[in-house]
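Enquirer: Quick one: the structure is below, questions incoming.
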Amino acid sequence: MCSSDSLQLHNVFVYGSFQDPDVINVMLDRTPEIVSATLPGFQRFRLKGRLYPCIVPSEKGEVHGKVLMGVTSDELENLDAVEGNEYERVTVGIVREDNSEKMAVKTYMWINKADPDMFGEWNFEEWKRLHKKKFIETFKKIMECKKKPQGQGNDDISHVLREDQ
């Protein structure tokens, strides 16, 4: 039985590893339409010892990323589980880079805005070169575990995505 909420579609701004279609395909088991966009009023940071970035509000900041178009509620729950409890899903305004259209979308904001582990600018091209392969292999394992009755907890997900492993 389908509820109307499960049929609702969402647009989600991503700014880290989820910009990569190969990663999204593993996460969602499909590749949705992806458009380039800019998120004003935020800044992206690297996180010490982690393979993924975070964003926090910043008056003069601007983050370039992608919007995943037409994400289902079930897929959004998968993204929520992967992002874990260090991020908060919020609604923000982005500007599409292809047509300058402004849109309200969901994104994941780092909860601890004063986190001492935040530093420097996270670089997508560097991530692809150095970490993409490991990231995809790890997520394939995680998604397989999630399909099993016992599943794998959110804490396990964040621990396997450390730079020092």
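Backbone N, Cα and C define each Cβ position, glycine as well.
In case it helps, Swiss-Prot gives these features for our protein:
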- Y15, G16, S17, F18, Q19, D20: substrate binding site (BINDING)
- E83: active site, proton acceptor (ACT_SITE)
Enquirer: Which one of these binding-site residues, S17, Q19, has the sparsest Cβ neighbourhood, judged by other Cβ atoms within 10 angstroms?
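Expert: Comparing Cβ neighbours within 10 Å for the binding-site residues S17, Q19, Q19 has the fewest.
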Enquirer: Hey, of the recorded positions listed (D20, E83), which one tops the CB count within 10 A?
Expert: E83
Enquirer: When you average the Cβ positions of Y15, G16, S17, F18, Q19, D20 for the substrate site, which other residues in that chain have a Cβ within 8 Å of that mean position?
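Expert: Those within range, site residues removed, are V14, V23, Y52, G65, K66, F124, W127.
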Enquirer: Near F18 (substrate binding site), how many other Cβ atoms are within 10 Å of its Cβ?
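Expert: Neighbour count, Cβ to Cβ under the 10 Å cut-off: 22.
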Enquirer: Fill in the CA-CA distance, S17 (substrate binding site) to E83 (active site, proton acceptor), as an integer in Å.
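Expert: The Cα atom of S17 (substrate binding site) is 11 Å away from the Cα atom of E83 (active site, proton acceptor).
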Enquirer: For G16 (substrate binding site), what residues in its own chain, 6 or more apart in sequence, show a Cβ-Cβ distance under 8 Å?
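Expert: The answer is R44, Y52, P53, G65, W122, F124, W127.
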Enquirer: Run through Y15, Q19, D20 for me and report the binding-site residues whose CA is within 10 Å of the CA of the residue listed as 'active site, proton acceptor', in sequence order.
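Expert: Within 10 Å Cα-Cα: none.
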Enquirer: Sequence gap of 6 or more, C-beta under 8 Å: which same-chain residues meet both conditions with respect to Y15 (substrate binding site)?
Expert: L39, R44, P53, I55, V63, H64, G65, K66, T107
